[in-house]
Amino acid sequence: MSTNEENKLPLNGRRAIPPNYSNDEENEVPEMEAFGLIPRGFNPRDYLRVVDIYMFKDPHEINKQEHHTDKYYNPKLIVRRGQAFQIQIDFNRPYRPETDRFWVEFLMGRYPQQNKGTYIPIPIGNVLKPGQWGAKIIHRENNSIRLSIMSSPTCIIGKFRMYVAVLTPFGILRTRRNSATDTYILFNPWCELDAVYLDDEKEREEYVLNDVGVVFHGNVEDVKSRSWSYGQFEENVLDACLFLMDKAELELSGRGNPIKICRVASAVINSRDEDGVIAGSWNNVYDHGVAPSAWTGSVDILLEYYSSKQPVRYGQCWVFAGVFNTFLRCLGIPARLITNYSSAHDNNANLRLDFFLDDEGKVDTRLTKDSVWNYHCWNEAWMTRPDLPVGFGGWQVVDATPQETSDGMYRCGPASVQAIKHGHVCFQFDAPFVYAEVNGDIFYTRMEKNGTQVVENIDTTRIGQLIVTKEVGGDGMKDITEEYKFREGSDEERLALETAVMYGVKKQSVQDATYQPQTDVDMDFQAQKAVLGNDFKVTITFRNKSRNSYTATTYLSGNIVFYTGVTKKEFKKHSFSAKLEPSSSSSFDIVIKSSEYMSDLLEQASFHFFVTARINETGKILAVQKAVVLEIPTLRIKTKGELVTGKETSVIVEFTNPLKQNLENVTLRLEGPGVLRTIKKQFGRIPMNSTLTWEVKFTPMRPGLRRLIASLNSDALRHVYGELNVQIQKP
């Protein structure tokens, strides 16, 4: 190293070498590292010399087969840590163990150091010990030897450069830099000593190897689902995921720790800090970008970011979660995508969402700052938590959607699901925020003229009503609500709440004096199944359980809302007076016309109805709110002819416009991991009631069961999907 170079290095106190953040940067490694002066007669050719190295790196060969990495579209060797792999070294003459000495070296980054785990010399021994690096010869023939190399189950994840070094009396002879021998080392859920070890083979196939998932959306009364292509094995995706850790400036030596990786990734996947992967947008304006609902998977987003280094526009929670899931599975951390229905976004973790009502019982949007998302998606990653007491390992919540800052950055997690369930929210990271998302209570508070607040109603059951993920080995829904919380109203639930409050989650109590609900009248609200572009009916039902006659002044407000629960526009107001006879029920129907809502629809076509009724005789207020999601038409996908590996075939996507208007600026997308890369096509318009047909030719490369996923996006209609499972035959 020249002195000129040395002058440039900032030596600040303890750090003698610059930080090592980049997996891609390299240093020059000398091919001849001399021990001193070299005598004139020295000829390196007199010594053992490496002629060739064979890595067994093809998908059908032993390494990728045994390490479950045969699906990666990547020509290099990819292995999982803590498990042996094989290489073959061809020398210029037979290897003589009595006199010849050689070893294998793995290096990462520009300043490899042994104590940081970025320089790993592996001597050749007689036995391989689980839990540590080692190599032994398992076969010798002519000039070739075959080595079995064991990696440490805690080693760094990423791309290593490999050299073979031979010892001579005068110095070390190394092989030339050869990128063909670069080796990727990933997490290993199959290895018991790895922090991400998962003991169920079916779960490993689902949470690590499945490259297509299901996102549940809609709302709790009307759960909808769509497919998402994770595509973690597609070309260049692994390099893009490793680049994210460089971008987040995670020190190379920290990259063997799944807790650190999740923590930095949850920040770098959103663009709120350091220009991360995805820019979020929740205002229905998607200029110079792609509407969140139009994406069909993570691959396009990750590859666009990897090449442009600029945030990709635009995402919402399921897009952040889909890309995060790809990142985790690609590196070998078991992961799944979670949907929490009626998710609280509580700005101050006081377990209380305040909805303020004005004199007439309408929601005052100026004062109401908390919101209830129809649904919110996050991820769970599987790992041990040696930093927490025993029992808090397993699934951890990680969330890349930028909602609130944590340690100064928009990130969330990893937070132990087990800790959230039991109220042990003192453990890092961000457990109180997640606890409030699934356990908050809604307070309906009326502001009186003199400034006092009167609590009219408390809803303790609406938040976190249903928490789901895709089932293992199928596309159905698995209800995991009980992994996050005890049953509503049970003793354990109260205990968990008291524990959470003790650990600093604020729980505001309400003085009984101000809160006396009307108990002898119930109000219920139901909506008929609503189809986009059609009229539908909603029904308000009162049950008067008392012997008194009452009259109720009733107000219905219909709002077009973002799925985050934020109102875009009130499109329906309706007031009426209801007579409630003693000991009887009475129902009132209200028709919602398509002409009232079509012009302002948002991409998720969801409404929020808010009904308040004042019982005139007692002055008490009843309040109920409900989300309604419209049925949206789907795309039809069909194949033409037989599907055989290596043979061209066609897929046809069809869509019929059901609206009473033309669709403008229509874009179709189609992708299928392992079958075809995303194809996009623009269509100017689809007239009302007419059908669009799009034929795409492609050549499937691999046999097996695969999924095609399509989406349609237009100015007036979004969130239109279709999917088809296809079985591709061997030739």
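Glycine is treated like the rest: Cβ placed from N, Cα and C.
Per TrEMBL, region 'Disordered' is recorded for 1-23. TrEMBL lists 309-402 with the feature domain 'Transglutaminase-like'. Per TrEMBL, the feature active site maps to Cys317, His376, Asp399. The feature Ca(2+) binding site is assigned by TrEMBL to Asn439, Asp441, Glu488, Glu493.
Projection of TrEMBL feature records onto the structure.
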residue	record	CB count, 10 Å
Cys317	active site	27
His376	active site	27
Asp399	active site	31
Asn439	Ca(2+) binding site	25
Asp441	Ca(2+) binding site	21
Glu488	Ca(2+) binding site	12
Glu493	Ca(2+) binding site	17
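Residue counts for the domain 'Transglutaminase-like' (309-402) under DSSP (helix as H, G, I; strand as E, B; rest coil) come to 15 helix, 41 strand, 38 coil. Closest by Cα distance to Asp441 (Ca(2+) binding site), from the active-site residues Cys317, His376, Asp399, is His376.
Reported as a whole number, the C-alpha separation between Cys317 (active site) and His376 (active site) equals 6 Å. Within 8 A of the CB centroid of the Ca(2+) site residues Asn439, Asp441, Glu488, Glu493, the other residues of that chain are Thr460, Thr461, Ile463, Gly464, Lys485, Gly489, Leu497. The two recorded residues Asp399 (active site) and His376 (active site) have their Cα atoms spaced 10 Å from each other. You'll find the Cα of Glu488 (Ca(2+) binding site) roughly 20 Å from the Cα of His376 (active site).
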